[in-house]
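Asks: Questions regarding the structure given below will be posed in turn.
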Amino acid sequence: MAGNSQMNSSKGAWKSAIFIIFVEVAERFAYYGVSGNLFSYLIKEVGQPTATAAKNVNIWQGVSALFPVVGGFLADSYTGRFWTILFSSIIYLTGLALLTIAVSIKSMAHRHVFFFIALYIIAIGEGGHKPCVQTFAADQFDENLPEEKAAKSSFFNWWYVGIVCGATAAVLVVIYVQDYVGWNFGFGMLAVAVAAALVVFLIGSRTYRRQAPVGSPFTRVAQVVVAAMRKRKLSEREGRGICEEEESSCIGLEGGVRVHTLVRTSKFRFFDKAMIIDEIDASSEKRNQWRLCSVNQVEEVKLLLQLIPIWFSCLMFAVVIAQLGTYFTKQGSTMNRSIGPNFQIPAASFQVFTGITILTSVLLYEKLFVPIARRINGHSSGITILQRIGFGLFLSIITMVVAASVEARRVGIARKHGLTDSPKSVVPMRVWWLVPQYMLTGLSDVFTVVGLQELFYDQMPIAMRSIGAAAYISVVGVGSFLSSVLISIVQEISSKSGHKWLGNNINQANLHYFYLVLAALSAVNLCVYIFISKIFVYKKNESEGHSNVKE
């Protein structure tokens with residue numbers, strides 16, 4: 001064991017995590033360099049209607065956020081996180097290179113075909129990259145070493161700062177280059193950044209702690225379900241005890257990181273039947289894992305089950321966030337964006353205010369809010385993870401209400417100046433009116449997204465943490481699809497009254513009504529979330545005592 005400790009001290013922690021962070025910063029730089037201005041490209045270059053462009057952006061973002069479920073499964077089960085990151089980065093780089101070539105093709109028909117092919121190759125690269133990079137970086141901190149456990153506590157906040165730095169740089173620089181220099185130069189910058197990050201990642205490869213794949217984690221879940229079904233008529237009183245056989249002391253981590261036994265809980269008690277020893281189990285020389293499961297294995301399944309309602313209750317938040325790169329941008333494109341006589345700010349570049357808000361808020365949260373809250377309630381993180389997520393959901397409601405108010409004012413000014421039938425005319429209203437909704441989006445991100453990252457890492461079984469990362473990412477993906485569905489439903493219903501809420505000419509549209517619908521749905525969703533969080537039981541290890549912390 002001493003040798004393992006020495007091995008751990010020579011690898012991992014911040015000296016390893018910093019290399020991995022570079023990869024994530026470059027990936028976020030590239031992703032937002034594509035997604036941040038994709039809506040404008042589809043309208044200006046492809047000639048798609050506003051609602052169609054919004055739906056296509058949402059679909060691509062949804063696919064990009066759902067592929068990580070597959071990537072996370074492969075990483076945990078077969079390939080490992082290091083190799084998954086490496087291969088997916090190469091695929092990502094290939095997609096960016098093809099995208100750069102596609103926008104340089106003169107034939108419009110061929111350009112559009114190659115553009116969308118490249119776009120979805122990037123989505124495939126996202127599938128292996130997103131679920132593994134953050135988890136791989138967090139794996140560099142050994143929870144059995146107090147100093148590294150403390151470092152991991154603040155890791156998620158600083159990790160998010162890195163992500164936002166990459167995204168903000170893309171919004172400030174890349175979007176400007178795309179709009180005023182050329183799309184090929186803009187996308188080419190992204191390819192160079194990812195290539196450089198890939199080199200940095202390989203340079204640090206000898207310092208990484210790596211977790212070996214352990215086979216399909218879903219097999220363990222299936223074993224619990226099957227064993228419980230087989231003993232569905234058996235009560236614990238009728239059994240000959242329960243299987244408390246301790247799991248293997250390690251799961252393939254270099255350095256032998258110990259897997260702590262989970263405390264038994266009273267939730268989802270049907271699955272407790274899987275751990276009851278019956279006559280057949282007692283007479284068997286070797287445990288049949290499809291008939292008898294350990295307490296730890298059953299509790300891992302319970303952890304998964306109680307995260308599912310949390311996942312569903314965060315979908316409306318993702319719908320709100322989906323408006324950032326679509327209708328928020330459309331609003332800004334109709335307003336006065338001039339600075340001086342010769343310079344106009346690209347409409348999509350106003351997403352930088354979301355990034356700046358996130359950067360500022362994370363620093364204030366970590367350095368000011370957490371210490372104060374810790375003194376008040378004694379909680380090591382200031383507030384619980386679920387409280388953090390819930391406050392972000394509340395802020396998303398405020399975001400939509402503010403956005404609706406600003407949009408109602410913008411439409412009113414357009415009507416007052418007779419611009420209702422002139423969608424390409426500039427409404428005499430300064431674009432700075434949109435800043436509050438961009439900032440509120442960033443503030444809600446700090447609470448909800450970082451909270452989801454930590455929740456789906458901390459509360460997942462250790463062998464399924466890449467899938468956990470994919471699960472929180474898929475919230476954004478499904479939310480993007482849901483946004484497209486809501487757009488279609490609103491278009492269908494509003495068209496029956498002869499006036500589409502989300503038409504191409506938003507001076508005639510009722511975009512503010514759409515925002516209010518999202519606010520109302522988010523309010524209902526928040527009530528559901530509060531109910532779910534009240535019955536949530538946090539993971540507890542035997543070494544930490546037998547009491548369960550409830551939220």
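Every residue, even glycine, has its Cβ placed from backbone N, Cα and C.
Summarising the annotation, TrEMBL assigns transmembrane segment to 12-31, 82-105, 158-177, 183-203, 303-325, 345-365, 385-406, 438-457, 469-491, 511-532.
For each listed feature, how buried is it and what is near it?
Replies: Note on the transmembrane segment (12-31): residues 64, 85, 89, 92, 96, 122, 126, 129, 133-134, 136-142, 148, 151, 155, 159, 162-167, 169-170, 174, 190-191, 193-194, 196-198, 200-201, 203-204, 207-209, 255 of its chain, located 6 or more positions outside it, place their CB under 8 angstroms from a CB of the stretch.
Using a Cβ-Cβ cut-off under 8 Å and counting only residues 6 or more beyond its ends in the same chain, the transmembrane segment (158-177) has close neighbours at 21, 24-33, 36-37, 134, 137, 185-186, 189-190, 346, 348-349, 351-352, 355-356, 358-359, 362-363, 366, 446, 449-450, 453.
With a cut-off of 8 Å between Cβ atoms, the residues of this chain six or more beyond the transmembrane segment (183-203) that come close are 19-20, 22-23, 25-27, 29-30, 33-34, 37, 41, 45, 85-86, 89-90, 92-93, 96-97, 99-100, 103-104, 170, 173-175, 177.
Only residues 6 or more beyond the boundaries of the transmembrane segment (345-365), in the same chain, are considered here, and those with a CB under 8 A from a CB of the stretch are 32, 36-37, 39-40, 157-158, 160-161, 164-165, 167-168, 171-172, 175-176, 178-180, 324-325, 328-330, 332-333, 337-339, 431, 434-435, 438-439, 441-443, 445-446, 450.
Within the same chain, residues 134-135, 138, 156-157, 159-160, 307, 310, 314, 317, 320-321, 324, 328, 350-351, 353-358, 361-362, 365, 385-386, 388-389, 391-393, 395-396, 398-399, 402, 465, 468-469, 471-472, 475 sit at least 6 positions outside the transmembrane segment (438-457) and bring their C-beta atoms closer than 8 Å to a C-beta of that stretch.
Tertiary proximity for the transmembrane segment (511-532) is limited to same-chain residues at least six positions away from its ends with a CB under 8 Å from its CB atoms, namely 309-310, 313-317, 319-320, 323, 327, 330-331, 389-390, 393-394, 396-397, 400-401, 403-405, 407-408, 411, 486-487, 490, 501-502.
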Asks: Spell out yes or no: are there three or more C-beta pairs under 8 angstroms between the transmembrane segment (385-406) and the transmembrane segment (303-325), with each pair 6 or more apart in sequence?
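Replies: Between the transmembrane segment (303-325) and the transmembrane segment (385-406), which are separate recorded stretches, there is contact, as judged by 3 or more close Cβ pairs.
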Asks: Go through the chain and flag residues at least 6 beyond the ends of the transmembrane segment (303-325) whose CB is under 8 A from any CB in it; none is fine as an answer.
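Replies: Apart from its flanks, the transmembrane segment (303-325) reaches 35-36, 38-39, 57-58, 61, 221, 262, 267-268, 348, 351, 354, 386, 389, 392-393, 396, 399-400, 403, 438, 441, 444-445, 448, 452, 455-456, 459-461, 464, 468, 471-472, 474-480, 482-483, 486, 515, 518, 521-522, 525, 528-529, 532-533, 536-537, 539.
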